[in-house]
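Novice: Pulled these from TrEMBL:
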type: ACT_SITE; residues: HIS147; note: active site, proton donor/acceptor
type: ACT_SITE; residues: CYS209; note: active site, acyl-thioester intermediate
type: COILED; residues: 28-62; note: coiled coil
type: TRANSMEM; residues: 248-267; note: transmembrane segment
Amino acid sequence: MAGLFLTGAIIFSYPFVADAINNYYDQIRIEEMQAKSDKQNKEQLQAQRAELEQKNQALLEEGKLNNIPGMGLVEDPFTSLVDNTQNLGSDYFEKYTIGAIYIPTIHVSLPLFSETNSILLEKGATVLQGTSFPIGGPNSHSVITGHSGLPNQKLFTDLEQLKKGDFFFVEITGEKLAYQIEAFKTVLPHEIDSLKIRDGEDLVTLLTCTPYMINTHRLLVTGKRVPFPEEELKKEIQTTQTYHKRRFQVYMMLIPLFIALFFYWIWRKYVYYQSIKQRYDFNFYLLKENQPQVGVPFVLMDKKGRTVFRDNEEPFTVTSEEDGLVSFKQIPGGIYRAVRSSGAPLSVKGKVFFLHDRYFKITRPIKLWRRTKFNQIDIINEVTSHEKEKE
């Protein structure tokens, strides 16, 4: 039973935990890219930008889109297996990392790679070959792709939750660009008209598979470049990155807590069933304004609220003694309630906490405990061994 519960919990939580871990490491990769960009001088960044501008210009002069994967000469990466077992190392991903993409509405913060293949698609978003690089400027239309429905990371899974007017941001060559969503479209993989460059416009289209887990079509979410206050843009990006860091931290705290609670539950079950084989005293003092209550009847009930009977089939009842002591002698371990059978309702709960205890531990209500100045309950609930009891 416990094994099935633990297995089910692991299976259920795996996508959430794996997504949190992968997103956390994505933020590290993005921060490394940002740090590298900060170290570069303006001339180096301008040179990188000039190189990308030349590629965009060459694409514009070709006036065609026949190199888009799945829409021309290149194989569609979405139809390739994503279960890639190659361990290419961090250098491979660093080589192709050119920036990052942020979609605050759906908490997306991913590294952006310069080309699309099945390996890079598992680690972030990619610029689709045959389309512009997202460096801004008129007569450009970049297509940024991302997987949906991976078991270990959401990536672009939540694109369908976006609405017209939402913003996303691209960070590349030391610049941060803002785009506002203006159109949604679902197409077949070979339908490319929506991805063509429009005269004078600066566009970025986010592309992913749809419907979820079926992937027969492509969802296109197109955004148009808009001005955006720089400080607010930085704040939006920082908030998105911080979300994933905090989410990771929460999971890293919850996982050990869950494991500890699970094994504590196992231990309590073990104590419960083993204690049933042994005998303990269920004792407490009944006081009112620090004065003993004498002659108050209590009946013993099990944890399900059923009356416990003596061997002679009489209900197991006792009355409080002159010092207020209520004592059920030598009953099997487990969990019980002593319920007052007359007067105002009162239920005192007790359970065996350790197998070697002599007495039930009173768990509710705590205010009924009466301790001496030596922090002992006149030997009630004192943790002593059965061997000492016999002595």
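Even glycines carry a Cβ here, placed using N, Cα and C.
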Novice: With a Cβ cut-off under 8 Å, give me the same-chain residues at least six positions beyond the ends of the coiled coil (28-62) that come close to it.
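Specialist: Beyond its ends, the coiled coil (28-62) has Cβ neighbours at 93-94, 97-100, 109-111, 124, 130-133, 135, 137, 139-140, 171-175, 197, 241.
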Novice: Among all protein chains shown, how many Cβ atoms are found within 10 Å of the Cβ of CYS209 (active site, acyl-thioester intermediate), not counting that one?
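Specialist: The Cβ of CYS209 (active site, acyl-thioester intermediate) has 24 Cβ neighbours within 10 Å.
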Novice: Summarise the model confidence on the coiled coil (28-62) as a single mean pLDDT, whole number.
Specialist: 86
Novice: Round to a whole number and give the Cα-to-Cα distance in Å for the pair HIS147 (active site, proton donor/acceptor) and the residue listed as 'active site, acyl-thioester intermediate'.
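Specialist: Spelling it out, the Cα of HIS147 (active site, proton donor/acceptor) and the Cα of the residue listed as 'active site, acyl-thioester intermediate' are 7 Å apart.
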Novice: Look up HIS147 (active site, proton donor/acceptor) in the DSSP assignment and report helix, strand or coil.
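Specialist: It is coil.
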